[in-house]
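Undergrad: Dumping the structure here so I can ask a few things about it.
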Amino acid sequence: MKVFDYEDVQLIPNKCIVNSRSECDTTVILGKHAFKMPIVPANMQTIINEPIAEFLAENGYFYIMHRFNGSTRIPFVKKMKERQWISSISVGVKKEEYLLIEELAKQGLTPDYITIDIAHGHSNSVIEMIQRIKTRLPETFVIAGNVGTPEAVRELENAGADATKVGIGPGKVCITKIKTGFGTGGWQLAALRWCAKAARKPIIADGGIRTHGDIAKSIRFGATMVMIGSLFAGHEESSGETKIENGVAYKEYFGSASEFQKGEKKNVEGKKIWIQHKGSLKDTLVEMQQDLQSSISYAGGRDLEAIRKVDYVIVKNSIFNGDTI
């Protein structure tokens, strides 16, 4: 198996057929809904909150609300349905999460999307949760993860998952590979390719995205949607503390398995960093879309499908050629 990561790959351009990149369509379909771009902010507490979720839903972007304020999920689903926006929440696999599914079913609330969100998604506990959701809320689109092997993808799909989330510890604030010796950190793009070849349903690439060009690379190697953490951290709208150092503003960004999220130093596989303030989330989304439109134009097409067909080269660690962004 070829092993490589985002910084090792460059996509090879095809003849451009559009007059302007603005003609290129970045729309993606996931389940019953179309979204403006194949990107989704990570379902982490310092990345997504209710106001951001509402902004994304209102403006045609996909989102997944995090699961760390458990009691707010049913009111959140109600609110989003009242506003006729998509409802998309996360669950774990503990007993209280089964009670949540039962309560949603009892109240006749069917979220459009539920993401089963645990670090090691290739497990009996995730399979059982998939089956419970599909039994009690059969119309809900279920995303399950996280996984890093074709066997895991097939098993979760066979259990009823509508999409799988691929990535074990490649994120900027994840230290799974250091703490455990396991993961897809350092070869996330190759793992995505490996898993996508086995998949019959959509794959969400999760982790390791450091530049906007990495979104196009994820699409090329089989992702339908790309989950992004660090590039969405540090915005005006982001949750988390702000600090000022030498006149420069920074915002905190921590992993879901960090002691800052857990509230205790137990089974820690995440850390906290400070991200320089980036301004408005809206501006970042516009720039991402423009860059992805450029990617489509370089691929020689008019929509995302063109990116899936381009050739590529593997040139280890040479993408920046000594430059920094």
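Each residue, glycine too, has its Cβ placed from N, Cα and C.
What Swiss-Prot shows for this protein is this:
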type: ACT_SITE; residues: C174; note: active site, thioimidate intermediate
type: BINDING; residues: 203-226; note: NADP(+) binding site
Undergrad: For D206 (NADP(+) binding site), write down the residues of its own chain that are at least 6 apart in sequence and whose Cβ falls under 8 Å from its Cβ; none is a fine answer.
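TA: When sequence neighbours closer than 6 are ignored, D206 (NADP(+) binding site) has A42, G145, N146, K165, V166, G167, P170, G171, M227 within Cβ distance under 8 Å.
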Undergrad: Could you tell me the C-alpha distance between F221 (NADP(+) binding site) and the residue listed as 'active site, thioimidate intermediate' in angstrom, no decimals?
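TA: Each residue's Cα considered, F221 (NADP(+) binding site) and the residue listed as 'active site, thioimidate intermediate' end up 22 Å apart.
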Undergrad: Go through C174, I209, I215, S218, T224, our recorded positions, and report the one whose Cβ sees the most other Cβ atoms within 10 Å.
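TA: Output for this query is S218.
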Undergrad: Select the most exposed residue of I203, H212, F221, where exposure means the fewest other Cβ atoms within 10 Å, treating these as the binding-site residues.
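TA: With the binding-site residues I203, H212, F221, fewest surrounding Cβ atoms within 10 Å: H212.
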Undergrad: Quick one: what's DSSP say for S218 (NADP(+) binding site), helix, strand or coil?
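TA: Where S218 (NADP(+) binding site) sits, the three-state DSSP reduction gives helix.
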Undergrad: Take the C-alpha atoms of T224 (NADP(+) binding site) and the residue listed as 'active site, thioimidate intermediate' and report the distance between them in angstrom, rounded.
TA: 23
Undergrad: Quick check: of the binding-site residues listed here (I203, I209, I215), which one has the Cα closest to that of C174 (active site, thioimidate intermediate)?
TA: I209
